[in-house]
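Student: Per Swiss-Prot, the features are:
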type: SIGNAL; residues: 1-7; note: signal peptide
type: REGION; residues: 4-7; note: region 'Furin-like endopeptidase recognition region'
type: DISULFID; residues: C401-C1054; note: disulfide bond
type: REPEAT; residues: 446-477; note: repeat 'ANK 1'
type: REPEAT; residues: 478-509; note: repeat 'ANK 2'
type: REPEAT; residues: 581-610; note: repeat 'ANK 5'
type: REPEAT; residues: 717-746; note: repeat 'ANK 9'
type: REPEAT; residues: 750-779; note: repeat 'ANK 10'
type: REPEAT; residues: 783-812; note: repeat 'ANK 11'
type: REPEAT; residues: 816-846; note: repeat 'ANK 12'
type: REPEAT; residues: 850-879; note: repeat 'ANK 13'
type: REPEAT; residues: 883-912; note: repeat 'ANK 14'
type: REPEAT; residues: 1056-1085; note: repeat 'ANK 19'
type: REPEAT; residues: 1125-1154; note: repeat 'ANK 21'
type: REPEAT; residues: 1158-1187; note: repeat 'ANK 22'
type: REGION; residues: 1184-1187; note: region 'Furin-like endopeptidase recognition region'
Amino acid sequence: SLVRMRREGEEDLTLEEKAELCSELELQQKYVDIGSNIIGDLSSLPIVGKIVGTIAAAAMAVTHVASGRLDIEQTLGGCSDVPFDQIKEILEERFNEIDRKLESHSAALEEITKLVEKSISAVEKTRKQMNKRFDEVMRSIQDAKVSPLVSKINNFARYFDTEKERIRGLKLSDYILKLEEPNGILLHFKESRTPRDDSLQAPLFSIIQERYAVPKSIDDELAFKVLYALLYGTQTYVSVMFFLLEQYSFLANHYYEKGDLEKYDEYFNSLNNVFLDFKSSLVGTGTSNNEGLLDRVLQVLVTVKNSEFLGLEKNGVNEMLNEKINLFNKIKVEIEGKQRMTLSETPENFAQISFDKDITTPIGDWRDGREVRYAVQYASETLFSKISHWSDPVGVREKACPTLRMPVDQTRRNILVFRKFDSSKPQLVGEITPYQSNFIDIDRDLYNTANNPDSAVGFKEFTKLNYDGANIRATFEQGRTVFHAAAKSGNSRIMIGLTFLVKSNELNQPDKKGYTPIHVAADSGNAGIVNLLIQRGVSINSKTYNFLQTPLHLAAQRGFVTTFQRLMESPEININERDKDGFTPLHYAVRGGERILEAFINQIRIDLNAKSNKGLTPFHLAIIKDDWPVASTLLGSKKVDVNAVDENNMTALHYAAILGYLETTKQLINLKEINADVVSSPGLLSALHYAILYKHDDVASFLLRSSNVNVNLKALGGITPLHLAVIQGRTQILSLMFDIGVNIEQQTDEKYTPLHLAAMSKYPELIQILLDQGSNFEAKTNSGATPLHLATFKGKSKAALILLNNEVNWRDTDENGQMPIHGAAMNGLLDVAQAIISIDATVLDIKDKNSDTPLNLAAQKSHIDVIKYFIDQGADINTRNKTGHAPLLAFSKKGNLDMVKYLFDKNANVYIADNDGINFFYYAVRNGHLNIVKYAMSEKDKFEWSNIDNNRRDECPKEECAISHFAVCDAVQFDKIEIVKYFVTTLGNFAICGPLHQAARYGHLDIEKYLVEEEDLNVDGSKPDTPLCYASENGHLAVVQYLVSNGAKVNHDCGNGMTAIDKAITKNHLQVVQFLAANGVDFRRKNKLGATPFLTAVSENAFDIAEYLIRENRQDIDINEQNVDKETALHLAVYYKNLQMIKLLVKYGIDMTIRNAYDKTALDIATDLKNSNIVEYLKTKSGKFRREYKSSYGEHSLLQTNKISSFIDGKNIEHDHPQFINADNESSQLFSDTASNIDVIGPLLLIDVLIRYFSKQGYISKESDSASDGITQAAALSITEKFEDVLNSLHNESAKEQVDLAEVHGKVYAALKSGRNSQIHPILCSSLKSISTLKPEDMEKLGSVIMNSHS
């Protein structure tokens, strides 16, 4: 790594090298993000020049140390320099970029710019997140076919990112030159969409066409990596388009502002062509044979998402796929929704020019002898055309302000009109509306007069033009009017005239950036105009759109004292108004200088300690600006809090220390109110910490000598200034600390001493300095590490040798049981290893707590020289750690043939295996290292693959299997087709491991095709269970389709009478089932349990498959079919307690009364299983309850029906009714013969009467409850049945669904059984209450009808 390759002690790293160094420590992206995000946070900071980058860097540097503690290892890696230096550089570039973007956009380009910035933000955000991971993908892909394609994607993406960043921070002139280079980056990126070999499009389409990005199984690591590369490349492709649009838009706008309309047209045209070309590539042309890249990538994503082998919800792949599908769909919609970037038609210049107005020259730009030309541009909503050619020149002679006559545009577009005198810069002079044919060129001249610095001439011309009809409300660049122009020039006579021509509210008219005339006047220092506008009642506190600045902010920033005074005369002025970032006008006044500050300080309402959103006060800014006169002016108020802290708890002194301002630091320290030991939050860093951290030795030395500075103050993690001085290699500061008696054994919270830090640092010379001061070289950290440990484990060879020369203890062990020799081995420090072994050779085979010897650690890291040295010194070549890993296994896994040969020659045990039984040969096979496989096969005197391998006996339980068996199995399982081919041709025996079956099991279609098509293997194999059985069981649809299309028998027995479809059903592979169903499966075939595929689906709880089979009615499936035990699907669903399946079967009409071989219905089984939910559901859906009780109690126990009339005639209902209501156990008797002949019906009106009657006659004997249980059940059933008849008569399905009949029956039975007969009436009535819509008189009629119908 770079950390190890860099010469120790070398300090002059470039910024790029530092960035690379810290990238290894995973810091780089954080700093880049800080640099980007700070722009928004401090966008309106009232400080200019490079100081902006400096303050931003200083403010955000606290992030480097605030995430919990100052990361010692990151800082020691040199990264402490990166936050400050790099953030400043990033910010300077970003501010250059912002300066370019703040230039006014032409109206034609504003919408394009918005679209590009919006879209590129979404794409680039996720692309940056993928960037680092893509490096890992690149390193791990070694496939000969795929690697070149992925490498092309990587090379292009890196070039794109590098060039984009390289031009980003250029100054305007350099930026333009770079973009306009012949055959430069714009041309190269445009060609990225062509099929050229070095383009980006070529590898992307190759990956898609060859299906390299479609995994064949969950273990298809290569395909998943290629998929990642495809997504990364596609997002890069989209980013390239938006980058090009951004640059061509910028160039067009640049030349528009310069007035070079020919160049404007050229880049405007390029802008549209780029969009249309990329649009065609990305979303196609709309024809079926021309799909765009996005559609093809989306198809790949959907294919992967729908792969049945993916346990998507469990491994996070599903979330990633959905995110990318949504992103690409969003981009596609965005691009498709934009037909083109510009109007395709370039307008013809039909202008006929005549001087009809009596306006004589000279006036404004109109001077005799000049020539004037006009050009036009179409504008339609957000689309604009190119600008037309210039009209023929017309000489100016005595008259000005001509009339242009143009035909009305038939498509009703507006027309922008441009004017150019001689070779001067063109100007937009107006806009012609769709129905307007005449245009008088006068409004722009009125606007220009207001800008005339000669106020007398300007006013005279203004009066003339206004009199001749010029429009004072006409708008020009950035939406500015004549009011803005007069405010900027300070022409008070014109402004006075304007105030009499319009209402006061029009004087508040903002331009496109929110600047009103009073903003412009304040920013220009035109106090008289400000005063005039205030008198006319304009809004004094109005704010600009972007930064929310008031006129007072602008005047303060410019230092315009008189303008400030005029503004302050308004009683409505808010002197403490905040801008977007919370800065008040006083903050801005820091830039304006001492005079404007004094004016502010004298105001009663001023808040001298006002804080911005980030907590910065004006005093902070003065110190950051290193402007002591301004700071002194603020201090003169006697009200400034010199210890005020920002959001990171940083004072002005912190910033002075960070920025290295020695004289300002001295001034601050001399203030009696200063607290020099305030610490930042949460890093707890003092000003002294920061001075050392940022290597300002003069400031640090001054603070160390200051009496009111605590030199031993601890930051978060227990880091003192001494620790930082060591980390940063500040020898001068260390000497001073030694002189003033600082304790050199100070420890951090993790017990790092200065010597520990020196041993890890890039300043090894500090080690001897500390040792000379008496530092304890045997001190240990919390993890048990000595300085020598840290030197070796951090790869610091020079530091380790210095310590060894001072006779430190080389046998100390840390918490992992490791000695310094282990660290030297792990980091390839040959010289250190030699030095230790020369002192003590016994450490050669010392094992740590993981049983790793130095040799094993060196092998794991591939440090060849160290390995050979250890072996030459007699190290155990067959050493194994706790997981069984040995040197030979490590190199075979990595594919290092030379080292495998070396270890063979050194008589390593070639049959040594890890704890999983994997030897070097299996590792070579599994990782596709054919060269090692061939070498091993050639070394027959050392390695014989026909030997029995008992290390993997559990994988081959029925017999002893040879290495060859496991090797073939591994080659197939891990989809190493080249090794499979080698084995097959070498062995000439297809029986070993059954490669055809194994390929089907793991879904490796290419291997399957090779064996069938090139080796002529029978698709049904030679075993009872066919390859189709394996493929179906494991859900490999593509393999299933291939086998069937090549004649595989779909009804072949897979064992136990099961076929391929049964296998697919058992694992719930719906797509496989659907395919097999369409290709001749016998659905009537039964397995050994007598179950058809349908019954198997139910018993396996494969709901989707069961529903599919029923819905599709495959081969007239009988939903009531029974297995050998006469059980239906309903029985099976009840056994498995699958209520969802039960509801499905009931929905499709299964017979719930069928009894199995044990005379049980499904309801009986549910009852036996005591599953109340299923019992209640089946009871509710079983229709007439009578069927249930016939089987339980026999026909005799049911109530016999008869006509109601005999009962009605024989009883006085009205007379008996009160007694019925109170009837209970006391008056109950056995059910009489008379009652047994009553027809118990359930009309709504008679429910009450019937229940009273039953109550009076009695159902239950007081003498014997158990003896009457059958009768009670029958009575409850009869009542419930008649109640159900009532519900059925309503012809209201929703009403019937609201009543749970099983619940009603249960409650009625309970009431009867307990003798609470009077409760039956409210039970039934409460069930009816929610659905009854009949009034009492309607119920009486209904009862009468029903009674008559039963008579």
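Glycine is treated like the rest: Cβ placed from N, Cα and C.
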Student: Can you tell which of the disulfide-bonded residues (C401, C1054) has the fewest other C-beta atoms within 10 angstroms of its C-beta?
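Tutor: Output over disulfide-bonded residues C401, C1054: least Cβ neighbours within 10 Å is C1054.
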Student: Should anything in the same chain at least six residues away from the repeat 'ANK 12' (816-846) have a Cβ under 8 Å from its Cβ atoms, list it; otherwise answer none.
Tutor: 4, 783, 786, 788-789, 791-795, 797, 800-801, 804, 810, 852-855, 857-858, 860-861, 863, 865-866, 869-870, 873-876, 879
Student: At a C-beta cut-off of under 8 Å, are there same-chain residues at least 6 beyond the repeat 'ANK 2' (478-509) that contact it? List them, or none.
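Tutor: Sequence-distant neighbours of the repeat 'ANK 2' (478-509): 104, 446-453, 455-456, 458-459, 462-463, 466, 472, 515-518, 520-521, 524, 526, 528-529, 532-533, 536-539, 542.
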Student: Same chain, outside the repeat 'ANK 22' (1158-1187) by at least 6, Cβ under 8 Å from its Cβ: which residues?
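Tutor: For the repeat 'ANK 22' (1158-1187), the sequence-distant neighbours (Cβ-Cβ under 8 Å, at least 6 residues beyond its ends) are 1125, 1128, 1130-1131, 1133-1135, 1137, 1139, 1142-1143, 1146, 1152, 1198, 1277, 1280-1281, 1284, 1300-1303, 1305.
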Student: Give, as a single whole number between 0 and 100, the mean pLDDT over the repeat 'ANK 9' (717-746).
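Tutor: Taking every residue of the repeat 'ANK 9' (717-746) together, the mean pLDDT is 95.
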Student: What are the DSSP helix/strand/coil residue counts across the repeat 'ANK 2' (478-509)?
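Tutor: Split into helix, strand and coil, the repeat 'ANK 2' (478-509) gives 25 helix, 0 strand, 7 coil.
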Student: Just to be sure I understand, if DSSP states are collapsed into helix, strand and coil, how many residues of the repeat 'ANK 14' (883-912) fall in each?
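Tutor: Across the repeat 'ANK 14' (883-912), the residues distribute as 17 helix, 0 strand, 13 coil.
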Student: For the repeat 'ANK 14' (883-912), give me same-chain residues lying six or more residues beyond its boundaries with a C-beta closer than 8 angstroms to one of its C-beta atoms, as numbers and ranges.
Tutor: 142, 850, 855-856, 859-860, 862, 864, 867-868, 871, 877, 918-921, 923-924, 927, 929, 931-932, 935-936, 939, 942-943, 947, 949
Student: Same-chain Cβ contacts of the repeat 'ANK 13' (850-879) under 8 Å, 6 or more residues past its ends?
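Tutor: Distant contacts of the repeat 'ANK 13' (850-879): 816-817, 821-822, 824-830, 833-834, 837, 841, 843-844, 885-888, 890-891, 894, 896, 899, 902-903, 906-909, 912.
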Student: Using DSSP, how many residues of the repeat 'ANK 13' (850-879) fall into helix, strand and coil, respectively?
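Tutor: Helix, strand and coil residues of the repeat 'ANK 13' (850-879) number 16 helix, 0 strand, 14 coil.
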Student: On the DSSP side of things, how many residues of the repeat 'ANK 1' (446-477) fall into helix, strand and coil, could you say?
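Tutor: Counting residues per DSSP class in the repeat 'ANK 1' (446-477), I get 19 helix, 0 strand, 13 coil.
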Student: Tally the residues of the repeat 'ANK 10' (750-779) by DSSP class, grouping H, G and I as helix, E and B as strand, and everything else as coil.
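Tutor: The composition, in the requested order, is 15 helix, 0 strand, 15 coil.
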